[in-house]
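J.: Please see the structure below; I have some questions.
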Amino acid sequence: MLLSTLYIVGITAEAMTGALAAGRRNMDWFGVMLVASCTAIGGGTVRDILLGHYPLGWVANPHYLVIVCLAGIVTTWMASWVARNHKLFIWLDSLGLIAFSIIGCRVGMDMGLSPLIAVVSAVVTGVFGGLLRDLLCRRQPMVLHKELYASIAFFSGWMYWGLMTYGGQFGVNENYATLSTLILGFTFRMCAVKFHWRLPVFSLAEEEKTEDNAEVKVS
Amino acid sequence: MLLSTLYIVGITAEAMTGALAAGRRNMDWFGVMLVASCTAIGGGTVRDILLGHYPLGWVANPHYLVIVCLAGIVTTWMASWVARNHKLFIWLDSLGLIAFSIIGCRVGMDMGLSPLIAVVSAVVTGVFGGLLRDLLCRRQPMVLHKELYASIAFFSGWMYWGLMTYGGQFGVNENYATLSTLILGFTFRMCAVKFHWRLPVFSLAEEEKTEDNAEVKVS
Amino acid sequence: MLLSTLYIVGITAEAMTGALAAGRRNMDWFGVMLVASCTAIGGGTVRDILLGHYPLGWVANPHYLVIVCLAGIVTTWMASWVARNHKLFIWLDSLGLIAFSIIGCRVGMDMGLSPLIAVVSAVVTGVFGGLLRDLLCRRQPMVLHKELYASIAFFSGWMYWGLMTYGGQFGVNENYATLSTLILGFTFRMCAVKFHWRLPVFSLAEEEKTEDNAEVKVS
């Protein structure tokens, strides 16, 4: 219940970031709805395709698709309001990220997959929507550069998996596992944004770049 | 019968536009065949993957793949002829679009999906080939900017669905539904091209863009 | 046995080329692991999704994913060593290409698909990893321009298929088919690199380009 509320908050917020990205590329309404949909439900779709988990969520529940397209179109009317309230969006987007990760992890666990794959499923659900948005809008995928994002999906996935697997003997039930993952993951993400925590970046220096280009030319 | 003839016309025309796009990027023959295939049968492939509708069309009928690759290679020999006859191509491409949409809608209906998803299936079938072509050739996806295209797939999908679902009581059979969708959809597309009908475009003004960039940096 | 050793060599080499490409785009560690994974196991993943061959290899055997991510991270520490030894990489990458093609062809044959689709499965397995890498790193896909690459996967696929299908009556067993495809394919690839064998390139001349742009604007 809590999770499905958060899921709807999450897809709405993600759809709005998708619509803004589409607006920066001067797309038409169809483009806005396409990018909004891919951003909001692309992560879950890629996860379900990778795991062979059919039917996809939005095929079984088409109203998610309607919500997402509407959110995209509404964003075109209130872009300046959205831009002024970007702090709110960081919050909603972060809540959505953790909710997506928990849902992804659960899908993997319900399918009886190994713990690592359940956590990969969490990361894919949390991250691929934004990746698809950036590919469609032809910009450098943000998730690969900026403050911790995929790492938080990874952390939330492991935490939820751990609480669900080993928490039972300490009286941890499902709601408790969900809620504590949400709170800790959200706090972690807010700290990452505030203090600009990042993963180490791998930059090839110019000299090496030249050599590598040589390498790449022939490989 | 009519539909499968139109399907072959459609994939051939789409393969040729794919090959031309590949030629603009100086690709080799493999690239030409790859882009031609993705353009021509990519839409149906994405639809079948999203709906879990296996085996894919071209896996079951490999001769479609042969037709498409041949069309791509033949295009490299007659590029200037193709360029001179671009009006013909707009016609063939439009016929293909409507045929793809009808086929996509039928696949969704045969799988017993909800009307909205059947129409989404029509749009995906009609539109994703061109999207993949533009992603592979690294250009701004045309379908998100130009004259009505996805909207016509959407319209054709609903029309076909309506005629098939409610037409029976008025004596509308399948052939009639197919033919009238084809004629109306084609006319609609030709008008859109001639009169430059477009969906409203969502452009973020420069001022908002700057603010949004700030938003995006942290989200 | 031989094949699975070569498979691990192949995915390791591919993961390293992926990590180098990510480094050229200044990605963080998550980006490096993502690009490394897509490069190394993306080809097999795309093949399995297209053929509906579930569960995916890395879902059933998560340790492949661990190897690939580790190879990506290790590459960030030894980028200059890798750059200095690029010849070694061309060898490993070529061995991997042939191993991937043989595995892809076998998957198609085990599923009872038609010969053409089995060979397409070989090409997809060999080629799509590099394609995904180049899409994620937003550069022109190399496989569509450079020395014979997909063609060698195509050749290896047909050779393996032929030896497995018709070789039995001449006493050709599976190991022999694998080994001879490896040797011939590898030699072919090395020659292609050394003598710059390429497929014919399809370049639209400037004049035609202008006309085609007109065509494309309306199509």
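Just so it is clear, glycine is given a Cβ too, placed from its N, Cα and C backbone atoms.
Computed from a predicted structure; not experimentally measured.
According to TrEMBL, the feature domain 'Glycine transporter' maps to B:6-78, B:91-163. Summarising the annotation, TrEMBL assigns transmembrane segment to B:64-83, B:90-109, B:115-136, B:148-164.
Where in this structure would I find these features, and how exposed are they?
T.: For the domain 'Glycine transporter' (B:6-78), the predicted model reports an average pLDDT of 92.
Taking DSSP states H, G and I as helix and E and B as strand, the domain 'Glycine transporter' (B:91-163) has 59 helix, 0 strand, 14 coil.
Within the chain, the transmembrane segment (B:115-136) has long-range Cβ neighbours (under 8 A, six or more residues past its boundaries) at 14, 17-18, 21, 34-35, 38-44, 46-47, 50-51, 97-98, 100-105, 107-109, 142-143, 149-150, 152-154, 156-158, 160-161, 165.
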J.: Same chain, outside the transmembrane segment (B:148-164) by at least 6, Cβ under 8 Å from its Cβ: which residues?
T.: 97-98, 100-102, 104-106, 109, 115, 118-123, 125-127, 130, 142, 172, 174, 176-178, 180-181, 184-185, 188-189, 192, 197-199
J.: Same chain, outside the transmembrane segment (B:64-83) by at least 6, Cβ under 8 Å from its Cβ: which residues?
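T.: Here the qualifying positions are 8, 11-12, 15-16, 18-20, 22-23, 29, 32-33, 35-37, 40-41, 57-58, 89.
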